Ligand SMILES: Nc1nc2c(ncn2[C@@H]2O[C@H](COP(=O)(O)OP(=O)(O)OP(=O)(O)O)[C@@H](O)[C@H]2O)c(=O)[nH]1
Ligand SMILES: [Zn+2]
């Protein structure tokens, strides 16, 4: 029996890295019966049945997992958005941030295309909320600040098409884009083909490359109960205990501490708007739809 991490998953096969030696494995039927699927990022026990091949027999406890992209034990969600071309969709950004809070995953934000428009207003919103933010022109600036964000962590990259993910990866490690490009071409990016999820080593950390997942899709597939939503907006913390009514939803109540902070400009309007939108969506959710 050996322990390792699943670094790649493709149609029924799991590639388990045990200290640099990679085994191609199938999963024990047991998992199917229990309704669990091994995920890329999982730490597992495996049994070698013939040289280089075997079975995943046990999934070690997960710290967290995302549904789309399907990755477990995520240390960092690296959220990439561009200040222009395409313009950032703050509702999607705030949804992803809330989901990450809910699951206990750290987030760092990278704002690309800083040569096309001034990113300082956008950066301020998220820095003041408590997130690390880096802005750059990926075509000419050094990506060292991004390397620092990734170091030692298992990262999932989230960002919509055209924000400059490949450009950024290419700036950090040219050979990586080459490989991801090959994967995407083979599978037909964006089409409904079987998706390969794979971990790549980068900057002393690991990046999950998940072609075809948009930030919006990631946001849509996760659910948060409305009672827990206020905990997922970091900057509400000092205000949400100052509400007149217990069980205040912070959307329209009189004497709401959060609303008062929004009025005073201490909580950005865009963040509160995203909160209200998510709260309204959460009111429609049935308990059985909430996962994890
Ligand atoms: N001006 C400017 N252009 C950039 C920057 N970063 C990327 N681009 C350009 O934006 C376009 C899209 O970049 P990509 O790296 O392909 O974007 P992507 O996020 O990988 O897009 P998908 O592959 O569709 O997911 C390309 O034409 C890049 O040259 C930047 O910082 N400044
Ligand atoms: Zn309130």
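Every residue, even glycine, has its Cβ placed from backbone N, Cα and C.
Where the annotation comes from TrEMBL, it is an automatic prediction and has not been curated.
Annotated features in TrEMBL:
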DOMAIN    63-216  domain 'CP-type G'
DOMAIN    72-214  domain 'EngC GTPase'
BINDING   112, 113, 114, 115, 159, 160, 161, 162, 163, 164, 165, 166, 167  GTP binding site
BINDING   243, 248, 250, 256  Zn(2+) binding site
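Annotated features taken from TrEMBL, shown on the structure.
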| residue | record | DSSP class |
| --- | --- | --- |
| 112 | GTP binding site | strand |
| 159 | GTP binding site | coil |
| 167 | GTP binding site | helix |
| 243 | Zn(2+) binding site | coil |
| 248 | Zn(2+) binding site | coil |
| 256 | Zn(2+) binding site | coil |
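Comparing C-alpha positions, residue 243 (Zn(2+) binding site) sits nearest to 159 among the binding-site residues 112, 114, 159, 161, 165. Cβ neighbours of residue 250 (Zn(2+) binding site) (same chain, under 8 Å, six or more residues apart in sequence): 230, 236, 240, 243, 256, 257, 258, 259, 272, 275, 279. In this structure the C-alpha atoms belonging to residue 161 (GTP binding site) and residue 248 (Zn(2+) binding site) are separated by 38 Å. A straight line from the CA of residue 248 (Zn(2+) binding site) to the CA of residue 159 (GTP binding site) spans 33 Å. With a 10 A radius on its CB, residue 165 (GTP binding site) counts 22 other CB atoms from all the protein chains. Checking the binding-site residues 114, 163, 167, 250 against ligand 2, the ones whose Cβ sits under 6 Å from it are 250.
In the predicted model, the domain 'CP-type G' (63-216) has a mean pLDDT of 86.
Around residue 163 (GTP binding site), a 10 Å sphere centred on its CB holds 24 further CB atoms from the protein chains shown. 112, 161, 163, 167 are the binding-site residues among 112, 161, 163, 167, 256 whose C-beta comes within less than 6 Å of an atom of ligand 1, given in sequence order. Report note: the Zn(2+) site is defined by 243, 248, 250, 256, and the residues of the same chain whose CB lies within 8 Å of the CB centroid of those residues, excluding them, are 240, 244, 245, 249, 253, 255, 257, 258, 259. Spatially close to residue 167 (GTP binding site) yet at least six residues away along the chain are 112, 138, 139, judged by Cβ distances under 8 angstroms.
The least crowded of the binding-site residues 112, 114, 161, judged by other CB atoms within 10 A of its own CB, is 161. In terms of DSSP secondary structure, the domain 'EngC GTPase' (72-214) contains 53 helix, 34 strand, 56 coil.
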